[in-house]
């Protein structure tokens, strides 16, 4: 245990307490790749005729009928050895229809070309120049940008304006600021932008019933499978499955849907089927064009096909086309997202090489949440973990990381980015050694002039944690063996408790049990006078009857907000701070402000399916 002078020096550094660096991930998204074996090359856009075909194919001239023309049922798929499975049909145009040999620059063509140029950050000249041809020849998704019966969500890139649809309607939305840090100049503009991203989707069969679909799937668990007829020739089967598992997990980390790989159920019960093919493939009504342009296509509520003529590589490769990035994009289509021309968005139609560590950005996360909602739920414990390190000048500084515990999982929350760490949640047993693997009741950090100790509580016991060695004590310097009974270390505190926290202002631990709270004086090692008391008496409601009353899930002092929070269910109450009372003396001490949803303050804390907790 640190000496009093040492602790005094540490406490002087509290004012400089800063969020900690990102904790190392416990599973990697990076794996080696194999070399490609392309067999066909895509035809390039080179002239007016092929440019007109391109604009028509992807819905720039007029919307394209796409949904409802997906692949056949699995039972109708040809066998793996079928000669047509991996071959390009010579009699079928790569664009699926015929065009005049000498297209004229009709007003519709010129207007479509201008729209395409604008959304690709090119001068809107309406003329087919080299830059426009180069943009058309970039590797891209095969899903049209504008579809019949479906609202598009096309956002102008590198601009201060957000363009609504391909019609050029402007929302005048600022997009060059980072929405994650909450510094957007207009919440109204941001809301309108998000509403545009999640424009209602209406299809023919649903329109007949008068229904408008905002979320593609109504159920919470989706099953997926890489079909046996459609393995890639470039990567091992295990590598392919791992990449797809990672892609589904990345979406699950930011939305309230679970994804599970299912290798045994009848194909009719599989929600999303994935496969590779060349040319005419997998019984699909659409043909792939060979290496160099269209790399995949997908259908709303349906299947995903990848062109095996493309050079697909694993995430760690700096060459070829990242299968992970393409898979994440196509899964977005299956879930209901349209193309988004927005810098950083995974839903851009063109493939853009990504640096290591690619993840879903703010636009993608908020777009999918507009369809499916945000992640909500209760937590077992929430706390800031304080640790010490020396900076580049050799000075001792204190830092903290914020953690959320639920069942057997935990998340590290990056307050500066207002989201969880990429790759979370992970299992408690993987990151916290020697404490119970699930169901933690409380975390307490006792921090005084004479004591610096951290404890985890569960049931009738508690554990002291050794932060230096990153594991629970078996026996501490005072000779105490762990786990200990709560009644031994904290006399007259009942167990099990609901939650607890240490208040540095009065140096009491507040233990919550049902509708009561116990203030424990750590200096005297006893319950404070006149306790227990009703929670509502110690933490009164600022607004009458707006109060948790009892059975608190978690109590948390947040260094980011310099405030105490009480959590119950999906909601939280902020405790009136000394600063709040200085600004408004009428506020009661330790009063509870109006409740709010946890997901409004701490975003994207999402479960993933249990099968995805261990990625390999």
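Cβ atoms are placed via backbone N, Cα and C, with glycine included.
Keep in mind that what you see is a predicted model, and the values were worked out from it rather than measured.
In terms of DSSP secondary structure, the motif 'Cysteine switch' (139-146) contains 0 helix, 2 strand, 6 coil. For 139-146, the entry in Swiss-Prot reads motif 'Cysteine switch', with the evidence type similarity to another entry.
DSSP assigns residue 339 (Zn(2+) binding site) to coil, not to a helix or a strand. Around the Cβ of residue 339 (Zn(2+) binding site), a 10 Å sphere holds 28 further Cβ atoms from the protein chains shown. The Zn(2+) binding site annotation in Swiss-Prot covers 141, 329, 333, 339.
Swiss-Prot lists 157-186 with the feature region 'Disordered'.
Residues or ranges marked as disulfide bond by Swiss-Prot: 375-606. In the three-state DSSP reading, residue 606 (disulfide bond) counts as coil. For residue 606 (disulfide bond), applying a Cβ distance below 8 Å and a minimum sequence separation of six or more within one chain yields 252, 253, 254, 255, 256, 375, 420.
Here the repeat 'Hemopexin 2' (437-493) has, by DSSP, the following mix of helix, strand and coil residues: 4 helix, 25 strand, 28 coil. Per Swiss-Prot, repeat 'Hemopexin 2' is recorded for 437-493.
This prediction places the mean pLDDT of the repeat 'Hemopexin 3' (494-542) at 97. Per Swiss-Prot, repeat 'Hemopexin 3' is recorded for 494-542.
What Swiss-Prot records for 549-605 is repeat 'Hemopexin 4'.
Fewest other C-beta atoms within 10 Å: among the binding-site residues 329, 333, that description fits 333. Apart from 141, 329, 333, 339, the residues listed for Zn(2+), the same chain places the Cβ atoms of 143, 298, 330, 332, 337, 338, 347, 348, 349 within 8 Å of the centroid of those Cβ atoms.
In the three-state DSSP scheme, residue 375 (disulfide bond) is classed as coil.
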